[in-house]
Amino acid sequence: MDSAERPLRIPPEMVIYAEKHDIFHLIQTLVRNLMVDKPDDPIQYLINFLERDNVDVPRIILLGPPASGKKTVAKKLCEHTQAIHITFCDILKDDSDLTRAAQSYYDKKQNVPKDLWIQLIQQRLSKPDCVQRGWVLEAIPKTQDEALCLQEAGITPDHVVMLEAPDVVLIERSSGKRIDPVTGDVYHVTFMWPESEEVAQRLETPRTLMPVQVMSQKLQKYHTEAHALKRTYHNCLKIINADQPHVDVFSQVLNFICTPRHSPSPYTPRILLFGPPGAGRNLQAKLIAQKYGIINICCGELLKAVSADESHMGELIKPYLESEQQVPSSIVLRVLTERLSRMDCTARGWVLHGFPRDVEEAELLHKSNFTPNRVFFLEITDDIAIERLALRAVDPVTGEWYHSVYKPPPGPEVQARLRFNPQHSEAQLLMRLKEYWSQTVRLQAFYPQAVYINADQDPHTVFESLESRLVGQLPKVLSNQQTNEN
């Protein structure tokens, strides 16, 4: 056959490698930085860029009205992510021609010109600490004009957090604000008093503490710009209610910044569905396949289909199926490898259930380069599983399934001809459940990023839970170093 006419085969390891190393996002980042920075020597620029310790660093903007807790959240955020905390006041402390020029405007109580303002931001963000570790901009920008200036300069955040609270709460917070002169940490006489008595004794009332009238004016000015800022950053913005304990506020902020933004990178679903008998794997796999056009592969049905086609592999499988014995893992893997290597699975993705049954089979699947990017465990109790299956029966005339509790037969005539599956007897189910649970703990350890779904719900509710974790990217996991330091 002419090589040009051969069917296209994309090795599965190519796709897995690209996803594992986030190649598509890397290329996008390289092109974006090239277009923004416009270096004279693009090749050397790319080499230097790729030699950095961390290409994908945090880029976060934290906005909110006065007294909303921006400083506290920003400092905690930087402790967790190792990013650099930046305020405009900190930028002005740098000794440079630009900062001295900006300070002269402040001394005259004049606004800093936009060109000078953006140069100051660019100068700070281009320093090695920000380049290597990322940054958190607190209260920058303050207006839509400033936000647009940042965009024109190529300063685009991955996440924007806007804190909100009622004005009454903010005014009360402002009046009770206290500062630790040693660390600069912000406390409050009512809402956030330090646990350490030593810290409490040295707290000071801020020299910039605003009277109620001035605070009200600042809030009004903030609100006039807030709506425009929301529109500017709508695609990466999260609004968080700041009128709650600061621990809860920070938890929500951290959860948001650990959630990657939607990526335009190609995404081919490779899904494993685990669950005990009666959990609804077949139904959920069917729903996923129907909605997203991916290939539904039930291992048991696939083996039956191969055994019926009178091929050499079918002749190997048939004796095991006829004697109701488990087909050896090596044979199952050969069948699955052939099926998962076809173009429809490579191009559209797949949802597999019924395999692997244990960690040894999971390792074989992994070594064959068919690594899933989503793993779900459907969870129900043994009592629910037995109730769902032991009370099911099929009408041999119509093929319709009935359940004595949830879907009783329409009349005595249908009731009389119903047939129960011998494998759904309580004794058989208990044996299958025992076998499933004996392997589950090790399988869960083998797939630490697996998602657990409560399957004791309406099937469409279960599907919505699956879907929410299927279409979105999985949250980032902080490194051990970052976790230990906090």
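Using N, Cα and C of the backbone, Cβ positions are placed for all residues, glycine too.
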Which of Arg173, Arg178, Arg374, Arg392 belongs with Gly278, Ala279, Gly280, Arg281, Asn282, Leu283 in the ATP 2 site listed by Swiss-Prot: Arg392
Ile140 (AMP 1 binding site) to Lys70 (ATP 1 binding site) - Cα separation in whole Å: 11
C-beta crowding around Pro356 (AMP 2 binding site), within 10 angstroms: 24
Neighbours of Gly354 (AMP 2 binding site) among the binding-site residues Lys70, Thr72, Arg202, Gly278, Ala279, Arg281 (Cα to Cα, within 10 Å): Arg281
Nearest recorded site to Pro141 (AMP 1 binding site) by CA-CA distance, among binding-site residues Gly69, Lys70, Gly280, Val327, Arg357: Lys70
Integer Cα-Cα distance in angstrom, Gln325 (AMP 2 binding site) to Ala139 (AMP 1 binding site): 66
All-chain count of other Cβ atoms within 10 Å of Lys142 (AMP 1 binding site): 15
Same-chain residues at least 6 apart in sequence whose Cβ lies under 8 Å from Gly280 (ATP 2 binding site): Leu378, Ala455, Pro459, Val462
